[in-house]
Amino acid sequence: MSLSASEKEENNKKMAADKAEMGRKKRAMWERKWKRLDIVKAFASLFVHFLCLLAPFNFTWPALRVALIVYTVGGLGITVSYHRNLAHRSFKVPKWLEYFFAYCGLLAIQGDPIDWVSTHRYHHQFTDSDRDPHSPNEGFWFSHLLWLFDTGYLVEKCGRRTNVEDLKRQWYYKFLQRTVLYHILTFGFLLYYFGGLSFLTWGMGIGVAMEHHVTCLINSLCHVWGSRTWKTNDTSRNVWWLSVFSFGESWHNNHHAFESSARQGLEWWQIDISWYIVRFLEIIGLATDVKLPSESQRRRMAMVR
């Protein structure tokens, strides 16, 4: 008796998970050599979370507004620029606007565009396998955050960053890669200069930490819990309640089904703030070559009900 398409998909996922579990032993944080970049990343993360602990003692209403601005500007920089524009080339904008959006993403303190885009492209190339940079098969906390602090493991899995030659050819992205730390330090200094500890703890603390964890939830939670609408060979899920906070990124099953789509909230009721921005830019003539899934693609990927 032949298996249905859905049964075959479930079997393939189980086999892939079993293979990953057998083929790669989870490595504890203390069981490997820490590279200098790992230490810098870990220190930065600890510092941001330390600022969060100080934030309640430095609360002001202007500081809360700064936190919301940092969260929004940095978050949209990640979703609109790093993710949809640079990683997937789902739309085009003039270079001055592309570079501006990318700089907004830099302020989210999630790395420079070359580093972020390369990791994300490897995630789609090796989704849920033992070569996935933040594979959910290695545990929730690994896929959520711990993978960030093991760059040697990332190289072991994926090799060198050879999948971002389009960005490496541009002086601007190479400049940001070389100087990312100086931009972050300047950002922190400006927050302190204009608002003291209140702006620093709420802007670089609360604002940045919230955006970090929302982004991390896309890698962890959205491969564990939620609904599936499309036949993808992975564990991607749609998590509706995270859509507002993630600016539309949590329609993750939609995204894995149609990676190059500029729109991830494919239904009218699926909130996707990043798409609203891209659509507005398209209406006023600044965004071109905006990619969306065709009806034939949607029919081919739809779950059998």
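Using the three backbone atoms N, Cα and C, a Cβ is placed for every residue, glycine included.
Range with Swiss-Prot annotation motif 'Histidine box-1', chosen from 83-88, 113-118, 173-178, is 83-88. Among the candidates His213, His223, the residue that Swiss-Prot annotates alongside His123, His252, His256 as binding Fe cation 2 is His223.
Counting Cβ pairs closer than 8 Å to the transmembrane segment (180-200), the top stretch among 39-59, 60-80, 268-288 is 60-80.
Outside the transmembrane segment (60-80), and at least 6 residues removed from its termini, the chain residues within Cβ reach (under 8 Å) are 101-110, 116, 191, 195, 198-199, 201-208, 210-211, 214-215, 246-249, 273-274, 277-278.
Close to His223 (Fe cation 2 binding site) in the fold, though at least 6 residues off in sequence, lie Asp128, Pro136, Ser143, Asp234, Thr235, Ser236, Arg237, His252, each with a CB less than 8 Å from its CB.
For His123 (Fe cation 2 binding site), applying a Cβ distance below 8 Å and a minimum sequence separation of six or more within one chain yields Asp132, Pro133, His134, Asn219.
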